[in-house]
Protein chains: 2
Amino acid sequence: MEKKFQNHIISNFSFLKDKKLLLATSGGIDSMVMTYLFHKLNLNFALAHCNFQLRGTESNDDETFVKQFAKENKIECFTIQFNTENYSKEYKLSTQIAARKLRYDWFHELIEKEKFDYVATAHHLDDQVETFLINFSRGTGLDGFTGIPSVNGNIIRPLLIFSREEIEEYAKENQIQWREDSSNASDKYVRNKIRHQVVPVFKELNPSFLSSFQNTLENLKQEQSLINDAVQNAYQNVVIEENNQLKITISTLLSYTNYKAYLYQWLHKYGFSAWDDLFDLVHSQSGKQIFSDEYVLLKDRAFLILSKIEKKENEEYIINSITEKPNFPLNFELCNLSDISNSLKNIIFVDESKIQFPIKIRKWKEGDYFYPSGMQGKKKVSKFFKDEKFTLFQKQDTWILESKNEIVWIIGYRADDRFKIDNTTQHTIKITFTNEKNI
Amino acid sequence: MEKKFQNHIISNFSFLKDKKLLLATSGGIDSMVMTYLFHKLNLNFALAHCNFQLRGTESNDDETFVKQFAKENKIECFTIQFNTENYSKEYKLSTQIAARKLRYDWFHELIEKEKFDYVATAHHLDDQVETFLINFSRGTGLDGFTGIPSVNGNIIRPLLIFSREEIEEYAKENQIQWREDSSNASDKYVRNKIRHQVVPVFKELNPSFLSSFQNTLENLKQEQSLINDAVQNAYQNVVIEENNQLKITISTLLSYTNYKAYLYQWLHKYGFSAWDDLFDLVHSQSGKQIFSDEYVLLKDRAFLILSKIEKKENEEYIINSITEKPNFPLNFELCNLSDISNSLKNIIFVDESKIQFPIKIRKWKEGDYFYPSGMQGKKKVSKFFKDEKFTLFQKQDTWILESKNEIVWIIGYRADDRFKIDNTTQHTIKITFTNEKNI
């Protein structure tokens, strides 16, 4: 058993050697087995534990357990406490989604701040089966069936090929300690039903069910890649990007008998829901429009034209002083020098003396240029967008912070070199941007 | 309930009006409800009942029940008895596959002989869910998840949107009689487990599970259509059909990062199983080959070349007399004129006096021509293949029956006009071809 674990890590995760790793550790059996395993392999890692404060003292005991374990084994350990309930209410998210967002946002913060190379989570094969069947029970498409990837950017899931049974055996053999019931998922009831009532039937019908399931996942992933090819190929034939709009040429679109499938694939990320009406647009009279929260699709003679709904009234925000709380989710904070850490996507540190109030937040416009931090010289913002492969709508969504007609920050993406702190800086301003949608 | 049934038929199966229909009737609740419903709608139909003789007297009682019902209601009824056990042994098929093959072959025979427009089977939504989950339990890909189509050529499934519960209610309301347990499927044990232990959990977790499942199926079907586009598109870019071979240009193939998915989609119908070896062929040295039962894929410098394995020794069969049993699955039978029915795909009737022994069975060759029955004049066989959209390998698989260097029959596809019976015919020869693979 141990050999299988180690061989898997050695052969499929060889890139972890000499990397700085962060293990997401709830204190449950899966993450403790993962920790033990990484320890055995002498990998260089720290632990990260989220206390979502959803189960009172139990949550706190989990935190204590992980901290204690880390201390005893001399492993660096990061912990954080989230007010998950409040957060989920504020952003109108389910507890589950809120917890996931808080967790991964924090991981990414730690990656940047502490220079980790990868974060590992302890998802295993039974998690995959359960998620598949939960999605099946709710109704889904192929994307609900393809599972979570074992490597996704800097998030890795090294236990994905192992069953719960194997992990339990390994924990027993190696007398690994763990905390029961450390899941915070609000889909717990559903997951337990699937785990205890459905999956055992499949395992009874097919003794090698889990391995068949792995093949199924692999097949579906391959098929997903074919879909991506078809979607991209047709997009190139049918869609024109111009003037901040996507123009879909109806005649070319209709050369695909399954054009509805293409429209869905191209447009579902823009939040449309009235799909039948949207499909009908192809044949309806010019001028008809279908709306999502932020986008509109217009039938305009030979085209369907997708554009962002402009909210003109919100286009500029003036902030008069550092103490003013702007009508925009941007926070200011005067810092001691000792508090300064690296800039993050949503946080920058600037020299107070270089900023001149009032400052302004506005959308990008043609002709804008700035001095990207970490680079020599100036750059057109449009060139920056192009290099970063921004989509049309990402460009439109991006906010600019400016002081005296100079760009201070492409908010959420890149600071300007002219305003950065240096060894002459007396006072530092920390600017935090918390607009959910743009980060 | 009744209205929903009728509206569904009226709005989605309006093409059935004035058509000649054949209802596949096992005697079970589903097919009896379908029969009742078609009767209510005054559609023009006959019944077809297969007795697979798998459950002794029970099978015979089912047959009697259907016949009796048809008689009482003055409905035309076709019945047939199959020795399913023998057939499945002879052709090394599972009982389930054998029964399905016998059943659909017979339906197609009846369609041609009796000039039916459509055959209707009584599959319903719970069948679809169960099949999905059975495939899931065994391991599958998207094709195991997309369900059976409601219209597939001349096979229709008008009850596919209805649940078992709705059908049961309808049967009760209308006091419809049926026979319990008329299924002959060998996957019965598996299906029952799924039906009684798995599906109820999903229905409990999601009260509108069946309708969510319908959406899932619809999504997956749409996605399947995108895959087909991708597969076809890449085929056009990468594959050359020439000299009875498929040539895959490796350099173009490798421009697709997911080239394995494409190779699988193109080649799986040729019976390959050593997929990893096959994928490796792309990078292996020239001359290496991978075999399936009937095909070989050869690495030849810049190409992978697929060709049929030639079995030279079997290429010609000489048959010396009408009583000779050829070493080839072709049967002869002298008929009375009264026995003559229409020619079928695998049966033709010819005038004995026009045939001259020895006759020969051979593969098609360039330059062959014949006088297709029902047409004026002669036609090149190559042109016939083209018009019938034969694939390369279908052409290679096709056998020709010839007498005195004249083509009598493109076996399994088209008889020649010169040998047909007419009102001067004294004796008729019935020729039956039963090669499983070619029909």
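Using N, Cα and C of the backbone, Cβ positions are placed for all residues, glycine too.
Automatic prediction, not curation, is the source of TrEMBL annotations.
Residues annotated as ATP binding site in TrEMBL: A:Ser26, A:Gly27, A:Gly28, A:Ile29, A:Asp30, A:Ser31. Take the CB of A:Gly27 (ATP binding site) and look out to 10 A: across all protein chains shown you find 26 other CB atoms. Under DSSP, A:Gly27 (ATP binding site) is assigned to coil, being neither helix nor strand in the three-state scheme.
The domain 'Lysidine-tRNA(Ile) synthetase C-terminal' annotation in TrEMBL covers A:359-431. The residues of the domain 'Lysidine-tRNA(Ile) synthetase C-terminal' (A:359-431), classed with DSSP into helix (H, G, I), strand (E, B) and coil, number 16 helix, 28 strand, 29 coil.
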Across the domain 'Lysidine-tRNA(Ile) synthetase C-terminal' (A:359-431), what does the pLDDT come to on average, as a whole number?
87
C-beta crowding around A:Ile29 (ATP binding site), within 10 angstroms:
22
